[in-house]
Structures are given as C-alpha cells and as structure tokens.
C-alpha cells in the first residue's frame, strides 16, 4: 500500500498529470476565446468515446496503431535514437502485410494471418534498420535519413500497390484473403459491429514484453546503456553500433506491425495514398506523453486516441472545430517537455509540502 | 527537348525552391546559434496561414493585389516571430528538449491555423482565395534565349527576394560581428560567455529570425502557387527544408543549392511526360528519386556531420 502511495507522489506521475490538466485548461481557454463553451465541448468529447459500445470499440481501434508507433518511438529513444521515421516504417509494414494478405491465399488462417503480421514486422524493421545502419556505419544523422525514408516509403508503398495488388478500376489494392484477417468477429458483434481486432491485444502484450526486455534482460540493459552514454558503453565493452542497428530494427518492427494491424484488422485493403497517414508522427506525441515508458505509451495512446476520436463528437454536438484537440495535445507535450514551467506552477504546493515535513 | 522547355523547367524549379530557400535559411539561423529547429514545418504553416488571411483582409480593406500580398508577408513575419518565442522560451529558458519543442510547434501549427480558419470563415477549411503576387517579366533581359525564359520571364518577386536573402545571410553569418557571435554561441557557448557574448540573448535572436524566415517561406507558397491556405498547403516542405539545410552543411550557399535540387525534383514531375525514356518508368520512382539521392549523397559525400558542435544542448552557465 505504501508503495502505491509513493508511486502516486512521484515526479514521473505528477508532472505528466499536471501537464495534461494544464493542456486541457489551455484548450478550454482557446475555446472560450473562440466563443465556445469548453465544458460542453469536453462533455461531448467524452460522451462520443464512452457513450455507446460501437464508438468505444472504434476509439479502441483508433488507439491501437498509436500504441504501436508510440512504442516504436519510445524503444528507439531508450537507445538514444530519435526515430522520426515511424511513418515510413508503418507504411512499409502495412504494404508487406497487404502483399502477403493478398498474394498468399490458400493458407490456413493460423498460418496466413501470423505470416502477414510477421512480414509487416520484419519489413518495417528492415526499413528502420537502414537508418540505423547509416547512423552506425557512416554517421548519418538518423533524423534526416528517416525523414527521407518516410517519403521513399510512401512512394514505394504506392508503387507496390499499383503495380502488383491493384483492384481493377479502383485506386486501392485487392482485398486481403479472409484467412489473413485478424478481426475478432464475436467481439466486434458484442461491440456494436465496431472494427475491433486482435492487434489491440498484441499491442498490449508487446508493451509488457517491451518492459521486460528493456528493464529485466541484459540486452535491454545494453541498449539503455548505449542510450545514456555511448562512449561509456563502448568503454565497458558493449558494441554500440550493433546496438544502434538492433534498437532501430526492433523499433521499426513495432511501427511496421502497427501498419499491418490497420490492413489486416481494420480496412482489409490498402489505398494508394496522396500523403502520409500521420500515424508515425502521432506516435512521437504518444511516446512523449508517456515519457518513453511502455506503460506510459499505453496511457498516452489512451489519452491521444480518446481526444482525437472524441473530437469528432465535439464538433458534432458543440460545433467546436475538432482541430482544437491538436492544440491541446501540443500543449500537453509542451508542458511535459518544458517541465520547468510545470515545476514553477507547482512550486507553491511543493514548498508547502516541505514545510509540513519540517513540522 | 528544346531550349524553351529547359528554360521553363528552370523557371518552375525556382518557383518550387523559393519556399525551401527561405525556410532552410531560417533553419541555419537557429541551428548556427545552437538551437535545433524541427519546427520549421510549423513555422511555415503559420506563415502560409498568416499570408492567406493577411492578404485577404488587406484586399477587403481595398488595397490592390501586390500591396495586399506584401501585407500578408508582413503578418507572416510577425506571427512567425511570435510563435518562435514559444520554441525559444521552452528550449532556451526552460531547457526543454529542443527536438520535442520543435515537434510541439508543428502540432500547434496544424491545430491552431485550421481552428482559426474555421473560426474566421464560418467553418470552411480553406481561407478565401487571394490574388497574391503576380508574375512579371523583366524588360530586355527576358529576350535573352534560355536565360530569359528561365530567370526573367513569368517570375515572382519572392523568388528574387529569396536569392537575395541567400547572399544577405551569407554576409551576416560570415562577415559581421553579429554573425561571428551567433556562430560562437552555437559552437562553444561557454567560451562565448567568457568573452562577454550574451549566449541566451543570441540564441533567442537566432530562433526569432528562424521563425520569421520560415514563415516568409510558407507565405511564399500561399501568395504564389496556391492562392489560399488549407491543411495541405505546406505538406512536408518544412522537413525538406531541414534536409536542404543539412544537405548544404549549414552553409547558406549550400542550402541554396540543395533547395534548388529539391525544387528541381518537384518541377520535373510536371514535365516528366515530355521525355520519351520516362514513359516506361512508374511515376513513384521519379517521385522518390530526390529523397533517395539525398541519402546517397549523405552517405558518400557528407559523412560525419558538420553541425554546430553545441547544437541541441541547452546552455547552463553553471556547468562549465
């Protein structure tokens, strides 16, 4: 019990929570200035998400890819890498899963679906490993190479869909085989025919595995050591370059799986895209809100998904432009990043607490 | 392919490169002072937005097309500077992670500009169409074969301004005391501090100039090619500008050449059907070429980065 209490008073808990509250308040102020009623708007937002089973299921669906790209960013961050390429890895993973889903028909479901998932993970991982390899071998900044790989990934995905998988007469791929689908029919029925799928469960399991790997294994320790101080890690006999490539590969696997979930669980096909879907970038926000911790990422995705999905209800019921939510999320990240501001706001409370201790 | 087409391709290249030149020069000012700027995209979005509404209201007030366009640029500069203060306060004063702070700018830009557009124009996602800058011909020079078509016919004033800024930036950065100090706080802030350079103040100025220039870049898009602001007016140009800056090794002339290269790759899309050999190549391959080439050049030619050595580190005078 004492441990639980201690956890709730820790900085890593208080600071994000206060940052979230401050972000919501700031959003409310912006709404007030725009002539809207923030209480009504936030009410409509939460009613949209938690109002009925269908919308709740769809909100969960919305969160799932965010968990994956969030975990992807957080994993690379632990190794000191800024993986801004989640977007490209997501798309490449998606395309690999679509390819297997469409082309490898005739397989039983317990082989076809896992195979498509693995393809998505591996190709997403390889895509990220390119940036990792260039960083390790040639010192190319991973931020710039992964931005470039995002664009290349977008066009590569479109190229593959258009050349090999096109549904005649339409700007999208053929449907994946039914044996590749990871939808959960009974759960979907239970939740008002929303598009819930297996991916959500896999995502949560992977968050737990992330935690175990990073904090309970030797390999995870090495990755964190490289992230803290590559020179010290090198001196201690760790292979810094190998760890950089490995961390990027695992990071890309997570993002790639997120893309695979979208095709295999939600849409059952892949469209030719005019621009990136943005899930990779949103994953960065999710990871930052979650302080690059896997369980924080789950909470971050919950928050991000709730706000984004619910914002549609906000614009419907209270006529507030849903874009306001991006301001809220932006300010939450801002307050988390600039902890100095939050500490400054909390200062009166902190000093009060210290006084109590003295007494 | 004839001379006329080549001239037109160069002309289109310059139009597409204009915004990138401004934004990458902006990036140089910030990063030379030691502050990473991943928010260029956001500053461009704010600039494109400000230009759209600034020019719109100036036109409503009865100004002619060119004057109202300049009012749009002016408003873009003001908004760019104001928003850059968010990045500056977070990353310089409160020592937040500079990359994260830049990403925050992108988030705020995407959200708040669309929010405001919807608020101002009754729920529409686009700002009203404005006249913007008109193309003009330079007398006499436009008659030079090839060069006339490329550089002096159907040109926008913003393009000339961008090229002028390349040299102005170069001069400021390498020939003035201000430039020397700005670079010194990015290379070795504690040494600069020791000789009396106000590190934090120079960084603030660097970030503010950065916001202004990137916003002008965004404004150039609204006021030349699109004529209106919507959610996809900027669409990733800020990230390409970052690439151009790194590609050009944080040097204004280098960034200029890189921006021309990216501009060319965008221009070539419009003309690609003119070549016989390109018919059989899927368009996606042509689209990805510039990004592929960037990676190859980074690997082969650039190698270890030549970024300012204190880039991304908050300056803490107590930690020497």
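The backbone N, Cα and C atoms fix where each Cβ goes, glycine too.
The transmembrane segment annotation in TrEMBL covers B:6-26, B:38-58, B:70-92, B:99-121, B:155-174, B:204-226, B:238-264, B:285-303.
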Worksheet item: If you count Cβ pairs under 8 Å, which stretch among B:70-92, B:99-121, B:204-226, B:238-264, B:285-303 touches the transmembrane segment (B:155-174) the most?
Response: B:238-264
Worksheet item: If we call contact 3 or more Cβ pairs under 8 Å (sequence gap 6 or more), are the transmembrane segment (B:70-92) and the transmembrane segment (B:204-226) touching?
Response: yes
Fill in: Per Cβ pairs under 8 Å, the stretch of B:6-26, B:99-121, B:204-226, B:285-303 packing most closely against the transmembrane segment (B:238-264)
B:6-26
